[in-house]
């Protein structure tokens, strides 16, 4: 549910003072929802599902005193969410899911008295988060996950209520500085180990410090110094091991000290305790039964000495203790531990040298390290050491080379009006040389260079006389240098830092191209084609303008892309000036935000840019009616739900803009491209949702293919083994071809099963696709050879000579030639995609297989007709009945079909996703081709069966010959039987012929 200006829930009277909206399902509060309620004093919104408090959520409400947002699942408070609320005194945000309090989140709430932020997931409170809250009396941050209280976190706050139940381990010196009215500070139930010097500095009104139930082991010198009003300290439930003798001596008004430990010689400050045994101050210790007591006797400390190391295990985890002449203890820790008493795990970022050869020293966890930029660079580089002791990526956005900084100064002089000879060309040429020769530019170089280009674009817009024809080439080369792949990491860094990524450069290119159009004379165009960018500027009078110019860009990367822009002019007069730019690989460097229903939304994995970025602008003429048709080729195939997008530089509430779908519509969309129509010009791209919904037939088809291929491989191996054993009896030209076909089919099945889905590595995937292309063409070549041999045998009963020695080599060589030429012409484009390692349908490369395959199938189909006709008209079948002829013809077709590959005809129909039945038929019959070959050409084949009988008789005769001779009569009978068998076999063959 979205709460907006028109929502019925807030349609109250103009003078309404209270709005009750608690316990609803509200997820969004739009800007200006309550703006028409000037008398509104109380807003109750607890128990909703508001994820983000956007800028302007509560704006311009002069009478508003009370806002309750408890238990509303809030995760983020944007700056300006509470704007112009001069009377607000109470703000309740308990029990939500806020993780970070950003600087400025509660800016200018000058009369706010109570701020409740308890029971959240807050881990970080930025310095200055509570700035400009001079009236704040109570601040509640208990039961969060705060680990570090940084210096300046509570700056200029008069009161701090609670920090109980967090995970605080470190309170930096000066964290509570400038809190003159703070009286009670509760930091109970945390994980604080060390009370540092200066932790409670300049707190003149502080009376109570509750540090109980922490893990305090050390109190550094002067931790409680200059606290004149302090009278109550609670350290019970801690593990205090060391504090100097004068640790509490500076507290002049101390009335109550809860130590929660055994007060004996093991206490480092025992001499101070001895003096307090005879005063009225209450020092609470524990007796042997862990019961709190306050009566101490001076005699308890008679045998104590100043060498505290002898009486305490001050150093933990194997650390060695030492004491100086002033009584201060120190520890020497083993490698795995750090801290004053060796209680902190050595969770730090180790020394590291990054890609720019900056030497980052060993740094403590949760610390931002800053170094001066090295070499010929000015500025500072920073790098954050995370809480788990891992370096994040360094930030070089403030590092700029001296040479680029000098060019920036020259550009500033140009804008200020200084006279420089041929200024634009000189600046562009110098910057192009610098960026070309630099191996890897830092993000600060990219940021400064983009600023220079924007300044140049603004200058030439007003000084077109400073433009020259050769500048476009220099400008294009400069942009190409900046967008080179070696700089992608730096562009990504700028985008992650929220500095606009590449949008500033794109804006400069658009402005410069528009101004450059004035240089073009007459109807012509100029094209600059580089490795990463293609620019075209021109003028045309034709009704339709198409970019890019395919002739002038034939040798560039854009020629391989299907992306194209067409301007259809309906009502335009005179020459139409235009400029266009195509960017090769920068889509991921744009900020990932989109405008949906008027609100800025992050992509959050729901959207992605799935095309190159294309820019098109019209100028120099008045067009009252036109349409812009853009065909975008998809970069990745596993995307769906296309949106026609453009970059809106002026998107509200953004620093650098956002993607928008305004003024556009999808004309057509396929798996490989989307066609969009726009009614305006700017920078365009296709936005799509990652992940294509899988077809419900994908799994069963894949399963059928896998099982069928496995079965075919098994039966093809059986066929080869049987022919190998019986080779002397079955060896013919046809069986030689059959064995080659079986080997080729096994290879194709194995490569298909093992490699068809290996899409992770593009090179490997292309190699697999090439191998499949070759071996499948070889399969068809051998099927054609089978057809040629069968027809030759039927038409020419006694062929003059064998052609097998020419036919078989041709079947293996010709497919290699086809694949080689295809791969060379296409430059491997179309061999493999994001889904399968096979020929892609989109590139039309699939026809390099379908064409030869269909030709073979057509020829073999003709061979079947000839073969069946010859059989039906032979003398042996002339007198047979029609039923007998039908059975013989059907059997012949079943025998021939597995060899001729006619089942692949089903594949032509299965290309269309609507004809699912053919997909199942194709997967079934084609994957079982090996089984049918074994069935009809091995198991049921008469020649193989006859060869098997010969093989059996030969084995039997061999066994008989290996025995000792028996009676001659038995031998003669045996010979007679064999002769009779041979005679009967010959007679049977004559009848069949």
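Keep in mind that glycine also has a Cβ here, set from the backbone N, Cα and C atoms.
On its own chain, residue 333 (disulfide bond) has 315, 317, 318, 319, 339, 342 as residues at least 6 apart in sequence with a Cβ closer than 8 Å to its own Cβ. Sequence annotations record features per position, and here TrEMBL assigns disulfide bond to 333-342.
Marked as domain 'EGF-like' by TrEMBL: 305-343.
Summarising the annotation, TrEMBL assigns domain 'G-protein coupled receptors family 2 profile 1' to 330-403.
The feature domain 'GAIN-B' is assigned by TrEMBL to 524-694.
Note on the domain 'G-protein coupled receptors family 2 profile 2' (701-941): mean pLDDT across this stretch is 78. Feature annotation from TrEMBL assigns domain 'G-protein coupled receptors family 2 profile 2' to 701-941.
The list of residues near the transmembrane segment (699-726) in space but at least 6 beyond its ends in sequence, with Cβ under 8 angstroms from a Cβ of it, reads 735, 738-739, 742-743, 745-746, 749-750, 752-753, 919-920, 923-924, 926-931, 933-935, 937-938, 944, 947-948, 951. Taken from TrEMBL, the feature transmembrane segment covers 699-726 (among others).
For the transmembrane segment (738-756), same-chain residues at least 6 beyond its ends with a Cβ under 8 Å from one of its own Cβ atoms are 706, 709-710, 712-713, 716-717, 719-720, 723, 765, 768, 771-772, 775-776, 778-779, 782-783, 785-786, 808, 811-812, 836-838, 899, 929-930, 933, 937. The transmembrane segment annotation in TrEMBL covers 738-756 (among others).
What TrEMBL records for 768-795 (among others) is transmembrane segment. Beyond the transmembrane segment (768-795), the same-chain residues lying 6 or more positions past its ends with a Cβ under 8 Å from any Cβ of the stretch are 733-734, 737-738, 740-741, 744-745, 747-748, 751-752, 755-756, 758, 803-804, 807-808, 810-812, 814-816, 818-819, 822-823, 828, 831-832, 837-839, 848-849, 852-853, 856-857, 859-860, 863, 866-867, 870-871, 896, 899-901, 904.
Taken from TrEMBL, the feature transmembrane segment covers 807-825 (among others).
TrEMBL lists 845-869 (among others) with the feature transmembrane segment.
Taken from TrEMBL, the feature transmembrane segment covers 890-911 (among others).
Annotation comment: TrEMBL describes 917-940 (among others) as transmembrane segment.
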Within 10 angstroms of the C-beta of residue 342 (disulfide bond), what count of other C-beta atoms is obtained when all protein chains are considered?
22
